[in-house]
Amino acid sequence: MTNEHIQEHVNVNSMLPAQKLYDQSEFIPVDPTQEIIFPPELMSLSKQPQRELRFVGERVLWIQPCSLKELLELKATYPNAKLVVGNTEVGIEMKFKNLLYPVILAPAYITELNIIQHTQDGIEVGASVTLTVLGDVLRAAVKKLPAHQTEVFEAVLEQLHWFAGQQIRNVAAVGGNIMTASPISDLNPVFMAAGCKLTVMSKGEKRVLEMDDKFFPGYRKTVLKSEEILLSIEIPYTRKGQYFSAFKQSTRKEDDIAIVTCGMNVLFKEKSNIVQSIRISYGGMAPVTVLATATCNRLLNRQWNEEFLEQACTSLAEDMSLSPSAPGGMVTYRRTLTISLFYKFFLTVQHKLALDLRMEGVILEDVRPEYATATELFQLDSPSSVQLYQAVPPRHNSDDVVGHPMMHISALKHATGEAIYCDDIPCYENELHLALVTSTKAHALIKSIDTSDAMTVPGVVAFISAKDIPGSNLTGPVIYDETVFADDKVTCVGHIVGAIVADTQGHAQRAAKAVKISYEELQPVIVTIQDAIANKSFYQPVRSIERGDVAQGFKDSDHILHGEMHIGGQEHFYLETNCTLAVPRGEDGEMELFVSTQAASKTQALVAKALGVPANRVVCRVKRMGGGFGGKESRSTILSTVVAVAAHTIKRPVRCMLDRDEDMLVTGGRHPFFGHYKVGYMNNGRVVALDVTLYSNAGNSLDLSLSILERALFHMDNCYNIPNIHGTGYMCKTNLPSNSAFRGFGGPQGMMIAESWMSDVALSCGRPAEEVRRINLYKEGDFTPFSQRLDQFTIDRCWEECMQLSDFNKRKEAVEQYNRQHRWTKRGLSIIPTKFGISFTAVFLNQAGALVLVYSDGSVLLTHGGTEMGQGLHTKMVQVASKTLGIPCSKIHITETSTNTVPNTSPTAASASSDLNGMAIYNACQTLLQRLQPYKDKNPKGCWEDWVKAAYFDRVNLSANGFYKTPDLGYDFDTNSGRPFNYFSYGVAISEVEIDCLTGSHKNIHTSIVMDVGKSLNPALDIGQVEGGFMQGLGLFTLEELRYSPDGYLYTRGPGMYKIPSFGDIPIELKVSLLRDAPNEKAIFSSKAVGEPPLFLAASVFYAIKDAITAARAESGLTGPFRLDSPATPERIRNACEDKFTKLCPPADPGTFTPWAVQV
């Protein structure tokens, strides 16, 4: 919610600007004299003659030469030295690939390497020129020169537009991009197709090379001699009759590495459509950038027509072959892309050629109107949003802020960087740093651990392992089936074997990489759900829920269909990785822990167990987290226990904040699910029988997998009333890091399978999907498969409001018309409801405590069992206390969550923290109000401070404990009876998308969401949660893909390969409305939980994509249900849009090869 959002008043129909979340007049005025200036000392340096700079590190010599002569001499002296300008590649190689470059030369400021000059044939650009400057130069040339001369410049600019981010382009040099020789470089195929000239130089020689298919002799290699440097590149002008295009296809459009990238260059004979010369270059199709030489030779002297296209496509399919085991995977997709992208080039050239030849009096057939969108370059439109909520009527008490949009109490600190996170705590004087030593094998016995090399690294203090644990090595959030350190066996890649403790993080990490572990590998290595099914590798128990007579239901059905779906896992990708600081207190085994965790009490308990002390000796403190999403509910303890053991052993404070790649490797994520189903339905789409089996990939320990599977089964119906239903759930025991809680906790996976069979039913009976969904919806008073009655059921209201908000019927007509008029782009529309049960399914967790302290000056210190991870829980709790006590929020403060103020807390999870902790705070505040009532009665005209002071002088206890437990909960799987949830949160979303049938890319055009959050405690925070949850779900269902090798090695260990949504993935038009007049009597101040329920609404985007694919398949004569696994990546979208191009690239038969990556 922005500061200038829109609200909808209850009592008027007009839309009015809402109250502002903050008042800018309260900000300190800008004083220009206090702005930070560029240091004058550094400015004076620029006026001095340049001289060579040298920095000598422990292992690296960094030299910045001041002249070309110096650089060439240094390169002759150190022929293997790396040249670095922006460090955007070498820095990554040294950090993540463990490569070491002892000598680094930095030529960024050498004049000859920064030249830009216009030559007779093109523009010559120095190798140190940054990509931003290159873009500026080419843009100026495009503006100034005739269009036929700047075709290559336009193509380079198109690639630069999607090349990394602005910050990277500001420092990365064009020469670095060429010399890195990446097989998926965005620019090298363009330079190769254009035949760019490269000037290279050594101490005694200067030569000019053409960038052709001989320039890259092997992976990450160029033909330059070791003592040579790249001086400049000449980007050529084009001429009349010459056309050039560049394309890049990636998982995400913005700031992403390419899957396939290409440059295509054709020159026609004068006043004709006969090809004189053609060069087609691809990246991502071999270990090097390649030219499709054989294809190009076949196409010379041919007319640019349909016959030409057919031959080109057939030839490219042969020319651009890939081994089915090729690194990077996606083999069928990459091969199809080479042809699809050429087809885009073909249409683009056909259109331009027809226009240009018409000027010369030659008539040539133009592109068919329905094909025109295939020639359009991808554009991101400016987004817009609408946020609607029910305004609170003006009240007598201005201090009552419940129901008002109020800014997160730490928002300004977040924005300015003043908010303190775990790793921001200043270092203790004698503090040490820890780095994990993890397994490189998925299933093996540990034969030996050699730490001799590691111990020689400067600053190393100790290697910590299982033998150093004073208490128990057994650990785990529910059952103790894990170890703090692997003792004799590892069961996944990333299993923690030991830890190095050193004086700095850098030394600790370096030493950790130097630890040598020898293994004896064990079989089987079970990685995927299918492996687990084949090996019958399951955790117990197997869960099932049944209602009605399923066998009879199938007999009564008009039709029966079978289907299956796989839903991929998801990395939590919180901004702040896991972090722990452990401080031994020096007596009685006391330990203080500062941890980024959602579960302070569980951390306390497991650390105490590992240290062999009672829980009262361990204090766990949580100020705030930089995101959690469930990833810090149980998995944060695997780090905390290790750090605590190290601190206890060495008797000094120890800190560890994981790097992103370490965090992604060891902590697990959302459970991948596989579901297969049998559905019986009537002719009108009414479902009467369902049998569904769910399998989750739990990983190498049970963790919270049973509760997650149970929730998936509780949500296997989503919002649909199926009279005869049977669901079974299995937890697969695999050799992957244990998967864990993640926003939705199994619910989204269960509902996703439900929407898959609902989609299949609609496609099978040929009725509109929204109609089939609507007739199957629950109604007020219906019972779920687990025998819980649906009271205050608002899905029908959410549905109708969402239809109106999105203008669904008009939108649907427009989509159908668009699809009739366009062959290679299609639009899709979908409406998806959600019903999410609120409560921990483990009954004992549905409790909360609070401690409210009132000081004699009237200020209030609030403590409760919940943790703040950016979701705004503390803000809501301050609002609850403010309303209950009748005082302004400014008098109330929350400092942290700690185990020495509120004991035995439940994790901040299950969307229930506002409900539980809010009621506990209300309970404590009511106790205080009762104690203060006599003083209010004595002095009715007094103020809060007067009553507090009077009570204090009268020796009244001004601190109060509060407690709450959710009543009437408990479910029995054996009897299918009880009440697992306190209530349900409801929502409906409608989304419209546009897919590119040739590449698989998609655009999110529109989303409307109507969410029932009861009477919102804080509409600003609640709408933020709806939008944030929706976007995280969008990542889950369309973008984020964890990729594992068949041996259980995780490839996607950072933002380079793992893509979360970017700004461009936000729907161009996003409308969020909180359902009005829907109070919920079962939670604090009639509110409802909002953290997890909105996430599943992003499935509306997935099924809109599926709707668009259905339209594309219809063009090829394909109808009826088809399987589309989640996430709907460009690869899956393109492969599902079967057409004449996909037929040229059939996939290899499974079992005939070892894939690079497997679907876990």
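A Cβ is built for glycine as well, from the same backbone N, Cα and C atoms used for every other residue.
TrEMBL labels come from automatic prediction, so no person has curated them.
Annotated features, as they stand in TrEMBL:
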type     : residues                                                                               : note
DOMAIN   : 55-240                                                                                 : domain 'FAD-binding PCMH-type'
BINDING  : Leu83, Val84, Val85, Gly86, Asn87, Thr88, Glu89, Val90, Phe163, Asp186, Leu230, Lys248 : FAD binding site
BINDING  : Gln598, Phe629, Arg743, Ala910                                                         : Mo-molybdopterin binding site
BINDING  : Glu633, Arg711, Phe745, Thr841                                                         : substrate binding site
ACT_SITE : Glu1092                                                                                : active site, proton acceptor
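Structure coloured by features recorded in TrEMBL.
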{"residue": "Val85", "record": "FAD binding site", "Cβ within 10 Å": "23"}
{"residue": "Asn87", "record": "FAD binding site", "Cβ within 10 Å": "16"}
{"residue": "Glu89", "record": "FAD binding site", "Cβ within 10 Å": "18"}
{"residue": "Phe163", "record": "FAD binding site", "Cβ within 10 Å": "22"}
{"residue": "Gln598", "record": "Mo-molybdopterin binding site", "Cβ within 10 Å": "29"}
{"residue": "Phe629", "record": "Mo-molybdopterin binding site", "Cβ within 10 Å": "29"}
{"residue": "Arg743", "record": "Mo-molybdopterin binding site", "Cβ within 10 Å": "26"}
{"residue": "Phe745", "record": "substrate binding site", "Cβ within 10 Å": "27"}
{"residue": "Thr841", "record": "substrate binding site", "Cβ within 10 Å": "21"}
{"residue": "Glu1092", "record": "active site, proton acceptor", "Cβ within 10 Å": "29"}
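Looking at Phe163 (FAD binding site) and Phe629 (Mo-molybdopterin binding site), their Cα atoms lie 30 Å from each other. Rounded to a whole number, the C-alpha distance linking Thr841 (substrate binding site) with Phe629 (Mo-molybdopterin binding site) is 18 angstrom. Cβ crowding, taken as the number of other Cβ atoms within 10 Å, peaks at Ala910 among the binding-site residues Leu83, Leu230, Ala910. Cβ contacts within 10 Å of Arg711 (substrate binding site), excluding its own Cβ and spanning all protein chains shown: 27.
The two recorded residues, Phe629 (Mo-molybdopterin binding site) and Glu1092 (active site, proton acceptor), have Cα atoms 9 Å apart. Close to the recorded Mo-molybdopterin site, the chain also has Gly628, Gly630, Gly631, Glu633, Ala741, Phe742, Phe745, Thr908, Ala909, Ser911, Gly1091, Glu1092: residues not among Gln598, Phe629, Arg743, Ala910 whose Cβ is within 8 Å of the site's Cβ mean position. Largest Cα to Cα distance within the recorded FAD binders Leu83, Val84, Val85, Gly86, Asn87, Thr88, Glu89, Val90, Phe163, Asp186, Leu230, Lys248: about 27 Å as a whole number. With a 10 A radius on its CB, Glu633 (substrate binding site) counts 26 other CB atoms from all the protein chains. Neighbours of the substrate site: apart from Glu633, Arg711, Phe745, Thr841, residues of the same chain with C-beta atoms within 8 angstroms of the site's C-beta centroid are Leu704, Ser707, Ile708, Glu710, Ala741, Gly746, Gly747, Phe840, Ala909, Ala910. Within 10 Å of Ala910 (Mo-molybdopterin binding site), as judged by C-alpha distances, no binding-site residues are found among Leu83, Val85, Asn87, Glu89, Leu230. Across the residues of the domain 'FAD-binding PCMH-type' (55-240), the predicted structure has a mean pLDDT of 95. Taking CA atoms as the reference points, Arg743 (Mo-molybdopterin binding site) and Leu83 (FAD binding site) are 45 Å apart. If you take the CA of Glu633 (substrate binding site) and look 10 A around it, you hit none of the binding-site residues from Leu83, Val85, Asn87, Glu89, Leu230. Leu83 (FAD binding site) and Arg711 (substrate binding site) are 54 Å apart (CA-CA, integer value). Between Glu89 (FAD binding site) and Gln598 (Mo-molybdopterin binding site), the C-alpha separation comes to 36 Å. Nearest neighbour of Phe745 (substrate binding site) by Cα distance, taken over the recorded positions Asn87, Leu230, Gln598, Glu1092: Glu1092. Note: the CA-CA distance between the residue listed as 'active site, proton acceptor' and Gln598 (Mo-molybdopterin binding site) rounds to 15 Å.
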